[in-house]
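Participant: My questions all concern the structure below.
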Amino acid sequence: DIQCHAVKMGGCAPLRPLCVLGLLVYVHCQIVTTPVPVTSTGIPFIDTNCTSVNSSQCSACPAGTFARNSTKECSCCLSGSCANQSECQSCPTGYYQPQSSQLSCLPCPQGFYTNTTQSSVCQSCPAGHYSNQTAAALCAPCQKGFYSSGENATSCAPCPPGSYCNSTSCMTCTVCPNGEEAPLIGSIGCSLCQPGTYKGPSDAVCKSCRSGQYLARWGGVSCEVCPEDHYCPSPDINPIQCPDDAFCPEGSTEPSYCMETFFRKTGDSCKLAPLAIALLVIFLACLIIILVFVIRKQKLSTREGLRRFSSKSPLLESQSLPNYLYRSTYDTEPVYAGW
């Protein structure tokens, strides 16, 4: 008996066997009437572009799949790879593909990277690193003076004033110790406070000492008050001894002198000098003499006026005065005037 056999080799259309002249005829991709060569094992020879025999045409593999030469079937590419017409290709570094049967790989977004091929996921940039571009194979370390405290960073932030970072890949900035400062952002180190300035635990930068205080060394934490019997004209120098003829209370910026000639220093205050006391006594004496002279002169002047008046009118004549002076129209008796 003549029997036709169909051999299915992959994903082509349904097989249609064809018997010609009592022989098993295999048709690949088109109908033929001539025998097809077979291998030594009796398996018909199939062209690599076909996936079945006795088919009217060859079918291309669907998108995301490829034709395996060994099985003549369309296979799906696994995650981390993509397909072309003949094979699966691994995603290169910087790219990933989380799904299977995809035509292309995806670039890692900013803040992520992958440094291996055939990646199904991208990794986050660790703290102290960043990536500001897509398809990154590596994350860049933060430069000196900059830091990144979290993952997925797309940039590094500069260290704020009062802190520094002196190495790459900093996750945090270090606060400057007391007596040192970093006045600018992005500092890579701290510098000592200059004489006349200080920085305490709650300060970000060095501050100037107040008037009447001093600090003559570098890297000071606090200023000191200028002591008594000294004065501090500048906060960056040591106190200066107060002169003997001056007095300097605590916190003085310059010596205080007593007024020359009239005052002299006595302890912490100025007192009248002997010459000033003598002059004051003389002045008071002169003032008293002048007052006495003025008073006596006034009395003498008054007496002289009365005397002159009495010599000119020794006796007041009798006269009738208006009633508005004495409230009477009677004649008055003579009145003597004088002493």
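One-based numbering along the chain as shown.
Just so you know, glycine gets a Cβ as well, placed from its N, Cα and C.
Okay, so TrEMBL annotates it like this:
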- 158-206: domain 'TNFR-Cys' (DOMAIN)
- 158-206: repeat 'TNFR-Cys' (REPEAT)
- 1-29: signal peptide (SIGNAL)
- 272-295: transmembrane segment (TRANSMEM)
Participant: Per DSSP, what is the residue count of the repeat 'TNFR-Cys' (158-206) in each of helix, strand and coil?
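Facilitator: With helix first, then strand, then coil, the repeat 'TNFR-Cys' (158-206) has 0 helix, 11 strand, 38 coil.
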Participant: How does the model score the repeat 'TNFR-Cys' (158-206) in terms of mean pLDDT?
Facilitator: 95
